[in-house]
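Record features (Swiss-Prot):
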{"type": "BINDING", "residues": "118, 119, 120, 121, 122, 123, 124", "note": "ATP binding site"}
C-alpha cells in the first residue's frame, strides 16, 4: 500500500462527539495508544470517560461549539444528528467530519483484520477471538462493543499483526470495514428503521462477506438458516462453517453442563476425519455461547493455533460486561445482568439460566424502544417461556415516542394471553426488590435483561436486598 494512503501520523487533536459511547471510546483509546491526541465530549462523565482521561484524553461534559478548540478532525456516531452544536461548528469551519465506522476502517487498514458480525453474539464472539489470539501469542489490537473483563476496557492496542473488531450492522456501516476474516454468527430481522426490509439486511450481510479479499476467510454459523442460505449464495470466497449440525466444519459434540460450565468436544471436520479437540470447557452456560466459541476456534485453527492453546484459552475465558454477568448472590439467590433486548437473545439467555441453576428462573425485562416491541411483539410474547416468573418494566424509549399497543402493560397482557403463568408489571426499583423478596428462594436466579437502565437496577439489587435484610 502506498504510504500516502495510510492514516497520517499527525492530524491535530481528534475530537469525538459522544466519546463516552461504547463504540466511540474504543476507537479513541486505540488512537491514543498509537500516539494521536484525542479529545471529546458527552452529555455526562462516566467510567468510560474517566478511563479515557486517565489515558490522556481531554473530556468536555456537555456539547458546545467551543469544545472543538483547535481540533483537526471531528468523529461522530450515527446517533449525532444535524443541529448538534459541535457538528455544526465543525462544518462551519470546514473541518473533516468522519463517521465512527470510517475512522475504525482507517485503523483497520494498518493491520490484518478479523471482523465479527451478526444480529446477536458479536460482542461475546469478539471477546472469545481476542482471548484465543492473546493465548496464541498474536498480541492483537481489539475494539469491542462491550467491556472485556480481562482488559477492564472495550479496547486494547497490541503490537501484533491482527486486529479484532466488532462489526455493527445497525446502520450499514459494517460494509466499510476492510475485513480479512469475516465472521457471521446469525442474521435476524433487526434495525429495520435503517434497512427498511429483511431482504436489504440479507444483502448487507452478503456484501460484508463478499467484501473480503480473495485470500480472506468467511466463518459462518450454519445452524442458522439465514446464514446457511448466505453460504449457498457465496461462490468465490473461502468459507469455514461452524455449529452443532453434522455438516459444520467446526462442530461441538458431547455437550453437557455442570454448575453453569459447558463441557464439550470439538470435531474439526474440515481438517479431515478424526480430528478432535477433546475436553473443552467454557466457564459460562448457554448453547449460544458454545456456538460463539466455535467461531473463535475456527479462526484460531486457521491462524495455526495448537489444540492445547485453544483448550487452555477457552477454559480461562473471563467474559464480557453485561453478558450473563453475575452481579451478586444474596441468600442463595444469584443475580444476573444481561444486555439481551431482542426476543432471540432473551430466549437464549433464559435457556442458559435454566442450564445454570437447579431452582427457578425469575426474568426482569425492560423493553428497549417502542418500535422494537411493536415490530416483534408476538416474539416478545413467547420468548420468556423458560422463566418461571416474568416482570416487565416501563419501556426504555431511547428518544422514541410511544406506539399504541407497544407498552409495558400491553406486553404483560400479551404474555398472559400466550400462556405464561406468572407475568406482571413493575414500576420501579422498589417493586423489583419486593418481587424478589416475595418470589426468590435459595437456588433461584434473577436475570435482569435489557439495553437501557435496567443494568442499574440489577447492580443495585444485591445491596438493597442485603441492606434491608439486616
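Note: Cβ is positioned from N, Cα and C throughout, glycine not excepted.
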Candidates 119, 123, 124: member of the binding-site residues with the richest Cβ shell (10 Å): 124
Among 120, 122, the most crowded of the binding-site residues [Cβ within 10 Å]: 122
Helix, strand or coil at residue 118 (ATP binding site) [DSSP, three-state]: coil
CB contacts for residue 118 (ATP binding site) [other CB atoms within 10 A, all chains]: 24
Neighbouring C-beta atoms (10 Å sphere around the C-beta of residue 121 (ATP binding site)): 24
Output field, ATP shell: CB within 8 Å of site CB centroid, site 118, 119, 120, 121, 122, 123, 124 dropped: 116, 125, 185, 186, 292
